[in-house]
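Undergrad: Take a look at this one; I'll ask things after.
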Amino acid sequence: MASVNDRLTAREYYVAVALTLLTVSLHTVFLINAGGFWRDEANSIAIALKPSMTDIWMALKVDSHPVLHILLLRAWAAVFGPGDFSLRFLGFSIGLGIIASLWSKTLGFGNRPPLLSLLLVGISPVMVRSLDTARAYGIAALSVIVAFTVIWRTVRKPTPAHVIVSTLMLTLCVQALYQSAVVVLAIGIAALLVGLLRGGLRRASLLAIPFCLSAISLLPYAGHVREARNWWPLARNPLGSKLLQPFIEAISSPTAWSMLLWIAVVILAIIGSVHGFAQIRFGEEEQKKTEWHFLLYCGITFAATIICVLIFFIYMVGPITFQVWYYALPLVLAAVSAEPLIDHVIKKRLRGLYVIVIATSAIIAFIPAARNLTMRMTSIDIAAAFIEKKAGPNDLVIVVPWYYGVSLSRYYHGRAPWQTFPALEDTSIHRYDLLKEKMKQPQTITEDLKKISSTLQSGGIIWVVGRINPKGRDRFVTSLPPPPLPTTGWSSAPYTDNWGNHLMSVLFSRTHEYALVPLHANQQINPLETAQIAAFRGWIP
């Protein structure tokens, strides 16, 4: 007859399987509803589809990711095609790989199913969307989860095979995402300290080898990082970078209850870390000592992840604008490293309550998460399809702001010529270096305005795709001086807004007809890339 503990463990597995099915269904909802690729995704795809590896390497100078995910996109497109659904399915497959890695983690960390990590990583629309998009966050998270497991096995037994596998996994981590180096550092701190405790300086030295080699693998990007300093300031938010707001959004996804869960996770993980450290005894039997060392490994990783990521983000406050998906990777590692600590804290008599809380939380979160994941990632593809049907060869398509052109370059193949405003020579990827030259001469839009007036005078239509501001008809716009500006420095945002206002002012004041074209999308659109279409015709001299 099965014991109470056996029955409880069986129920945990039943709940974990149910959580897995719910998680897979959420990834499926995103796959079906995501639609076209928004500009960040289109940027990565365009780099991956460059004609040669030399072109890819040059394009990475103006991108924020290393080469691993680009190569994965390129290989996948070569085998399965570069279409939207094909590349969306790659993201879906990576998402399923993350779920599988959460389960495989239990093979090295005891027989408890991954209830907590499935809930926090799987039933969160922020996580699903961040990890399934055609960016590097998914493959980075998958690599980090596997590396966390592999490194512990190397800490236990640093054989040459384990060291080699650890080196490979850590190299994949840092080659997937530059920010991965921060969480790899957190894992490294934990591994070296526990290794020093288990086997002295010799074992710690062996454990340092994979981390050193993975760091060396980033040296080829040193030139890219130096050059990036020239365009990073252009991407800065002139209102200041906010660390807390996107973080709260990430841990509150999909409901405020999720934030309470994360707070409980932090508290219980700290308790588990302290208890595990306090129980370490030298000279005890190997199995018991290994158990406490493992808890110490998890606890140090958890704490070091928080500290290292916080320091890194504070350092980066000036150069970048923080987005919610920046927190996906550290939250994944935090969940994975906290789970064994919480399993240790939750005693047998509390396991039943723990399982009930996990199951109830999943039920509460699932419907809001599924509803959130029906959001389309862009409407640029819909706009491009409309313009292709309506615009003729004598018309002109203007994209504003300029960065919407990255998405349009993937989807628009019509008869009418098109350009960004101001016109950039390369619109397939984010060319902040070209934008910087335009900012140095803000009045270069004069040539673009001449092209617009010429099109209108010859009877053509100006189709504006992007952000339409009808208030521009009543606004007198003056050009900005070259950067840096007194309060916003080299941020491109004031120039982008100024150029857009200038365009609207000219079109609304110098054309006879204006029509805002409705785009019929029967679902919510990503607010970061919700495009409008306006048609202007007739020139007023």
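Each Cβ is built from the backbone N, Cα and C atoms, and glycine gets one as well.
What you see is a predicted model, and the numbers here were worked out from it, not measured in a lab.
Straight out of TrEMBL:
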TRANSMEM  12-36  transmembrane segment
TRANSMEM  85-103  transmembrane segment
TRANSMEM  136-155  transmembrane segment
TRANSMEM  175-197  transmembrane segment
TRANSMEM  204-223  transmembrane segment
TRANSMEM  259-282  transmembrane segment
TRANSMEM  294-318  transmembrane segment
TRANSMEM  324-341  transmembrane segment
TRANSMEM  353-370  transmembrane segment
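Show me how these features fit into the shown structure, please.
TA: Same-chain residues lying 6+ beyond the ends of the transmembrane segment (12-36) with a Cβ under 8 Å from its Cβ atoms: 84, 88-89, 91-92, 95-96, 99, 103, 112-115, 118-119, 122-123, 125, 128-129, 132-133, 351, 355, 358-359, 362, 366, 369-370, 373-378, 380-382, 407, 410-411, 523.
Sequence-distant contacts of the transmembrane segment (136-155), counting only residues of its own chain at least 6 positions beyond either end whose CB sits under 8 Å from a CB of the stretch, comprise 44, 65-66, 68-69, 72, 91, 94-95, 97-98, 101-102, 104-105, 108-109, 130, 162-163, 165-166, 169-170, 172-173, 176-177, 179-180, 183-184, 187, 191, 194-195, 198, 207, 210, 293-294, 297, 301, 325, 328-329, 332-333, 336-337.
Note on the transmembrane segment (175-197): residues 64-69, 136-137, 139-140, 143-144, 147-148, 151-152, 154-155, 158, 203-204, 206-208, 211, 214-215, 217-218, 221, 280, 293, 296-301, 304-305, 307-309, 312, 326, 329-330, 333 of its chain, located 6 or more positions outside it, place their CB under 8 angstroms from a CB of the stretch.
Remote same-chain residues near the transmembrane segment (259-282) are listed as 116, 119-120, 197, 248, 251-252, 288-289, 292-293, 295-296, 298-300, 302-303, 334-335, 337-338, 340-342, 344-346, 361 (criterion: CB distance under 8 Å, separation of at least six residues from the stretch ends).
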Undergrad: Between the transmembrane segment (294-318) and the stretches 85-103, 204-223, 324-341, work out which stretch tops the count of Cβ pairs under 8 Å.
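TA: The listed stretch sharing the most Cβ pairs with the transmembrane segment (294-318) is 324-341.
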